[in-house]
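TrEMBL has this to say about the protein:
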type	residues	note
TRANSMEM	49-69	transmembrane segment
TRANSMEM	75-100	transmembrane segment
TRANSMEM	112-133	transmembrane segment
TRANSMEM	139-161	transmembrane segment
TRANSMEM	173-192	transmembrane segment
TRANSMEM	198-219	transmembrane segment
Amino acid sequence: MQDQTDIHTHPVFWSFGEEDVSNLLAFVLFVSPIPTFRRIVRNESTESFSGLPYIYSLLNCLICLWYGLPCVTRGVILVATVNSVGAVFQLSYITIFILYAPPTKRLKMSGMLVGVFAVFLLVVYISLEMLSARGRQTFVGYLSVASLISMFASPLFIIGLVIRTRSVEYMPFYLSLSTFLMSISFFVYGLLLRDFFIYIPNGIGAVLGVVQLALYAYYSKTERQAERLPLLSS
């Protein structure tokens with residue numbers, strides 16, 4: 001019989017607890033844009049919000065969902081279940097964004113949405129028809145790394161607006177915070193499973209999350225100071 005201490009120090013044992021944490025933080029990430037979209041619906045306008053983070057997130061969720069299925073990778077079903085839920089959320093956000101976007105932005109977002117599904121279907125076709133089981137995991141794994149990094153970096157696309165206006169109004173704080181926390185969680189989960197395709201992109205995501213939070217902290221402080229200046233001079 002295996003010693004009880006050996007069981008409790010085995011990486012797989014700890015990965016079960018990490019799965020619960022990762023599930024929770026992933027759900028927090030998926031619901032974090034809700035305040036932004038409540039504002040969009042209330043004002044019936046997307047204002048200066050960017051739809052790119054949700055496009056990149058949908059593509060990432062679809063590719064990671066495919067990576068987590070047993071026909072591609074065994075033993076990481078958590079990745080598939082989490083990203084299936086995430087894909088539903090992102091598709092909902094994109095639909096709302098398209099409904100309230102001005103015509104030019106609506107056309108652009110619709111085209112990108114079609115492109116996301118076209119890319120995903122191409123990935124599925126190549127995986128099943130042109131690659132062996134080992135090649136399939138490697139191919140989809142590298143794509144998931146690229147898509148994860150793109151998703152984590154996508155909120156930085158708004159950085160030009162943040163610097164120009166010296167305002168974080170259109171840089172959602174909860175999205176940046178939840179992205180950072182989920183990255184840390186899945187980084188640990190990937191380390192426990194020794195899965196390069198999970199811990200590398202999430203480690204990079206954690207670093208990018210720190211950058212986003214640092215930018216938010218700096219410019220939100222600058223914004224508050226600017227708001228106080230008229231009061232001090234009056």
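Any Cβ shown, glycine's included, is placed from N, Cα and C.
What TrEMBL says about a protein is an automatic prediction, not a curated fact.
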### Message
Please tell me whether the transmembrane segment (49-69) and the transmembrane segment (198-219) touch - that is, whether there are at least 3 C-beta pairs under 8 Å between them, with each pair 6 or more apart in sequence.
### Response
no
### Query
In terms of Cβ proximity under 8 Å, which residues at least six beyond the ends of the transmembrane segment (75-100) contact it?
19, 22-23, 26-27, 29-31, 33, 37, 40-41, 44-46, 49, 51, 54-55, 57-58, 60-62, 64-69, 106, 109-110, 113, 189, 193, 195, 198
